[in-house]
Amino acid sequence: MAFRYREDLVGKRFLSVSGVAKINVNKVSEWGWKAGVIRAASLKDNKNKELQVLVEYDGVEWQRREWVAVHSRRTFRVFLVERTLVWAPKKYENEEVKWPALTFTPLSAVDVTLQADCQPVEFLHDRSLQFLDYANLQPFQDWDARLAGSETGVGADLLSSLSAESAEWRSAQDGQRILTSTPSVLGELV
């Protein structure tokens, strides 16, 4: 079973390209991508032009989180949020293996359209980016060490780490879905 897309933004990874970045449409991988996690959102409506999100960039201390207006052209040319987990081809020590990777969907893309064969995927574990055609990717349903390269020499420690990271992602999706879609009743303390 492929994982359903969650509309809520909090807790999701994002990829962005600054509004002042100079871009060459033929070299998507050189656009100055930044990545991180969305920690809060000002509105529930993701399409609202007033939407702001609190972002925590990778490699930046958490105290330096900042609120950004995702639909402002001055802020971003492209702002993508994670969509789902897939098996994507990756080179590992001169062998092609399948690796768990996140796909992304545009939250805002001001005058930029990504070509079908240049869609970003972010691999688990090393968070490296690659640009692929999503139509050629296999949905992640269950952990499969053979797909991840167990038969081509990928080490047991790395496979174990990848398995744990993919399980953690699935668990986080389930937890977020429960928190955002299940009505709850708070009992009175007596």
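Note that Cβ sites are derived from N, Cα and C of the backbone, with glycine treated the same way.
Curation does not apply to TrEMBL; its annotations are automatic.
Taken from TrEMBL, the feature domain 'DUF7030' applies to 8-67.
Taken from TrEMBL, the feature domain 'Lysine-specific demethylase 3B PWWP' applies to 79-176. For the domain 'Lysine-specific demethylase 3B PWWP' (79-176), the DSSP-based tally of helix, strand and coil residues reads 27 helix, 40 strand, 31 coil.
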Helix, strand and coil residues within the domain 'DUF7030' (8-67) as assigned by DSSP: 6 helix, 22 strand, 32 coil
